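Colleague: The structure under discussion is supplied below as structure tokens; questions concerning it will follow.
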Amino acid sequence: MGKGCKVVVCGLLSVGKTAILEQLLYGNHTIGMEDCETMEDVYMASVETDRGVKEQLHLYDTRGLQEGVELPKHYFSFADGFVLVYSVNNLESFQRVELLKKEIDKFKDKKEVAIVVLGNKIDLSEQRQVDAEVAQQWAKSEKVRLWEVTVTDRKTLIEPFTLLASKLSQPQSKSSFPLPGRKNKGNSNSEN
């Protein structure tokens, strides 16, 4: 099991961040339940990666963002990964996800950071404001994976979190510094 990765789940108010986590982890979200504003919760999850390794995730369920309110900066400094959530029936929520991605890039200084994007509430397709193709094109241009999901179908939630855990548990790339006792490649030592 890995060291435990910190994942920040963020998006506008009422896009379903808490519902996604509750359904994914406990399978107990009730559709039509009245929204309660989240201050901040931390969920612990053990997620199996695509390599069969279990990765411990600390999922930070953030307070829903509102107009003019930014994600507190401390999240950018400690997060190993992000889940950006928008609602397919709320264009403003998608636009906020676009801004959040830019903020992550700025604060992480373009360092490799695991990000997945979830377009929630696909069961409300008759109220759709975010075109699926436009969202996928944006995700492709930003080099992030995007899934459209619904808390009414728990299976739609599993793959994004499996991929995220897999990205977070990838072995560190090899050091570019020579290790003691090893010869450098391309450095022939003819004096021996």
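A Cβ is built for glycine as well, from the same backbone N, Cα and C atoms used for every other residue.
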Colleague: Swiss-Prot tags one of 35-43, 53-61, 134-142 as motif 'Effector region' - which one?
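Modeller: From Swiss-Prot, the annotated motif 'Effector region' range turns out to be 35-43.
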Colleague: In sequence order, which residues at least six apart in the same chain have a CB under 8 Å from the CB of ILE122 (GTP binding site)?
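Modeller: Expected: VAL88, GLU148, VAL149, THR150, THR156.
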Colleague: If you average pLDDT over the region 'Interactions with NFKBIA and NFKBIB' (58-93), what do you get?
Modeller: 89
Colleague: DSSP on GLY11 (GTP binding site), three-state: which is it?
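Modeller: In the DSSP reduction, GLY11 (GTP binding site) maps to strand.
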